[in-house]
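A.B. asks: For reference, Swiss-Prot lists these features for the protein:
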- Thr1: O-linked glycosylation site (CARBOHYD)
- Cys7-Cys19: disulfide bond (DISULFID)
- Cys10-Cys25: disulfide bond (DISULFID)
Amino acid sequence: TIIGAPCRKCEHLDRSGNCVRDWSCGQEV
């Protein structure tokens, strides 16, 4: 499940393996 702005691939997972919010949406990290 992707949570947050869908402008980039999921870079972070919670302990359940779900996408977590990516506040650097649209930026290279």
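Backbone N, Cα and C atoms are what each Cβ position is placed from, and that goes for glycine too.
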A.B. asks: Measure the Cβ-based neighbour count of Cys19 (disulfide bond), defined as the other Cβ atoms within 10 Å of its Cβ.
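C.D. replies: Total other Cβ atoms inside 10 Å, all chains included: 16.
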A.B. asks: Does DSSP put Cys19 (disulfide bond) in a helix, in a strand, or in coil?
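C.D. replies: Cys19 (disulfide bond) sits in a strand per DSSP.
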